[in-house]
Amino acid sequence: MTNLSAEDRARRIKLILFDVDGVLTDGGIWIFPTSAASPTTAEHAQQMEGKGGYAIHSANMIEAKGFSAHDGAGISLARIGGMKCGVITKRISETVALRARDLRLEYVYMGQSFKMQAVREIMAKESLTLDEIAYVGDDVIDLPVMRECGFAVAVANGRPQVKSAAHWVTPNVGGHGAGRDVVDFILAAKGILDACIEKYIDERNPISPSMDIGNGGNLQ
């Protein structure tokens, strides 16, 4: 498959796997103390006075990340196009779990330092080959998967080594539509992008054009 174009590789894809931080987000991780942290912080600060500083216990913090609505719509389009989607990330995050549930992702693997293990497990469950899997990454931890999968994608903000290993680089950066770029590219390569968009619109527009909403929804 070494001589295949990015479009040729994309046509084979049945499953898209994403890294999270830097791919579905811009890489920023925001950590906020909860209300329960205030007395804990004050007590710990007093205990550590003169000993080089203090930290808030992780149980009293909330992690926040920002996700793109464009990527969310892209996941829906991928599903319409007959593909499944998932995430494989090194971090364990309740925020990611909530977003994955919201998007109804088929696969969510967190705490994965060796991502190929997760990929092979998914392959076995889905009876897929590596040629049928796309992986989207941004940093060197993603390289082992990108070097093996059928369609390796780097986001525009990816590290140079990751871009060098990629079959295609997204126009947009992570957290700002890069995931949607991948879905659109694959669907376009398959020749079904426009049809998937129209089906997406139809599924979310149940009201007949002939219905007069201003008149209580009565047909005219």
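Even glycines carry a Cβ here, placed using N, Cα and C.
Taken from TrEMBL, the feature Mg(2+) binding site covers Asp19, Asp138. Sequence-distant neighbours of Asp138 (Mg(2+) binding site): residues of the same chain at least 6 apart with a C-beta under 8 Å from its C-beta are Asp19, Asp21, Gly22, Val23, Gly27, Ala154, Val155, Asn157, Gly158, Arg159, Val162, Gly174.
Counting every protein chain shown, 20 other Cβ atoms lie within 10 Å of the Cβ of Asp21 (substrate binding site). TrEMBL lists Asp21 with the feature substrate binding site.
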